[in-house]
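Asker: Pulled these from Swiss-Prot:
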- 1-19: topological domain 'Cytoplasmic' (TOPO_DOM)
- 20-42: transmembrane segment (TRANSMEM)
- 43-349: topological domain 'Lumenal' (TOPO_DOM)
- ASN66: N-linked glycosylation site (CARBOHYD)
- 80-349: domain 'Protein kinase' (DOMAIN)
- ASN164: N-linked glycosylation site (CARBOHYD)
- ASN219: N-linked glycosylation site (CARBOHYD)
Amino acid sequence: MGQQHGTRNGLTHRELPRGVGLLLAMALMNVALYLCLDQLFISPGRSTADSRRCPPGYFRMGRMRNCSRWLSCEELRTEVRQLKRVGEGAVKRVFLSEWKEHKVALSRLTRLEMKEDFLHGLQMLKSLQSEHVVTLVGYCEEDGTILTEYHPLGSLSNLEETLNLSKYQDVNTWQHRLQLAMEYVSIINYLHHSPLGTRVMCDSNDLPKTLSQYLLTSNFSIVANDLDALPLVDHDSGVLIKCGHRELHGDFVAPEQLWPYGEDTPFQDDLMPSYNEKVDIWKIPDVSSFLLGHVEGSDMVRFHLFDIHKACKSQIPAERPTAQNVLDAYQRVFHSLRDTVMSQTKEML
């Protein structure tokens, strides 16, 4: 009897920790899953980037701890090693280059008749340095060169090709894609309220051209890169803009950017009415639709964005929302869907 009593107590002593251990393991798994969910649905923001901003005239990139002064003409000529050409546009040719073991993008003016556009883009880069714009490393007006941080993932045009790679499958979700759309709208909002006044992204007459103006960073953020065509709208003085001097076609551009006098009247630039920053708002739904792609859940996001996108496509510019209005709507949808999915997931545990 004594032996049996001892055995019975021994079994109880061994079994109790097993049960407690199982409960503890399940609790830890739930905590880990909650943390993963919170990380997956992390709200978009660039506080880290903000804390790393340098004063005007200085830059920092990659693993640099301290800010350095923009490189001078002499430093660009002697310290930058040109590697290979990676792009070319109407104004400049771009080369992957190296500076002190940092990969950088060296832009060279290719046509002297485009120097005014080149210098305009440089002035915009210098004045609009922020988390929304590619980092300026140096420049030389005399040589027609601009040096910026290099982003190996390239322009937004490459987004689908990039996200289809197996190593990026974890970020190929509607959550991350919606965050990209929010960052795109944030850039438009920044340009419309920039330190240089209301600026319009004019190099955007079709979707491929628009996407080519932005770069995808290695941490899957978006920065504006090509600022050669950012005319100023001044509502107080009644100054409006026109994107170029040629007739525009298609439904990607806003209705007010189209020739209003019919096919029987030949296009004349001096007769073409001017317009304001609401042309950027018209294009947001098309760019966002591209960014959302066709992954699981992206159509659900489109459904929730239907009303704000419908407002963006108003034929009357004044009735379109502001970029801030659009951004607010995107954030509401993001948080609403995040809370819904997290709630459903936690209920399944």
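Note: Cβ is positioned from N, Cα and C throughout, glycine not excepted.
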Asker: Rounded to a whole angstrom, what is the C-alpha distance between ASN219 (N-linked glycosylation site) and ASN164 (N-linked glycosylation site)?
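Answerer: A Cα-Cα distance of 16 Å.
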Asker: Any idea what DSSP makes of ASN219 (N-linked glycosylation site), helix, strand or coil?
Answerer: coil
Asker: In the predicted model, what is the mean pLDDT computed over the topological domain 'Lumenal' (43-349)?
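Answerer: Summarising the topological domain 'Lumenal' (43-349) by its mean pLDDT gives 94.
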Asker: Would you count the other C-beta atoms found within 10 angstroms of the C-beta of ASN164 (N-linked glycosylation site) for me?
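Answerer: Other Cβ atoms within 10 Å of ASN164 (N-linked glycosylation site): 11.
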Asker: Mind giving me a neighbour count for ASN66 (N-linked glycosylation site)? Other Cβ atoms within 10 Å of its Cβ, every protein chain shown.
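Answerer: By my count, 7.
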Asker: About how far apart, in whole Å, are the alpha carbons (Cα) of ASN164 (N-linked glycosylation site) and ASN66 (N-linked glycosylation site)?
Answerer: 36
